[in-house]
Amino acid sequence: MKRLSLILAAAIHVAYVADAAGIPLTNGNNGLWYGAINVGTPPKPFTVLFDTGSADLFLPGTDCDSSCDGHTQYDPSSSSTAQDLKKSFLINNGDGLTVSGKQFTDTVSIGGFTGTSQTLGAAMRYSSAFGISQFPADGILGMAFQKISKFDAPPIPQTLANQHQLEEYVFSFKLAASGSELYMGG
């Protein structure tokens, strides 16, 4: 009986992971892997660098200065699910990438999974390292743990797991010369 339970549990897990959607990734510049997400209601597409060394999502906001030129801008006023948290943020990762702006919550979709009330930053200023020729993605989506979040908020994989969109806080990357993908949930 125990063996049957284990086989059944494994089959359910495999079926669940089989539903995990592969998100196509592009190698923009020397290993900067980026792909598509949707933010807001109605959903608006953005490209983000998927970063395993950070835990926050930020995009250029409509109040961003010329440092955001060429990037798609997040407009919380055009999303019926956006909420202003009335908090500012400053992120400096030590690699010359600095971003500052305002914090919001909104709906975020990635690979067919949707999280609600996800904290994100609307940038008002990007450092020069985010110039479109050096950084083709619109923003960064941190995949690490909440413990390192500058927003003190769960990152999107944790939000998706908390809201039962994913069975657990798991993701994986397939990186290759072509056909690279991010898998959420397995």
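The backbone N, Cα and C atoms fix where each Cβ goes, glycine too.
Marked as disulfide bond by TrEMBL: Cys64-Cys68. Close to Cys64 (disulfide bond) in the fold, though at least 6 residues off in sequence, lie Gln73, Gly101, Ala122, Ala123, Met124, Arg125, Tyr126, each with a CB less than 8 Å from its CB.
As annotated by TrEMBL, domain 'Peptidase A1' applies to 33-186.
Sequence annotations record features per position, and here TrEMBL assigns signal peptide to 1-20.
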Handout entry: Mean per-residue pLDDT computed across the domain 'Peptidase A1' (33-186)
Key = 94
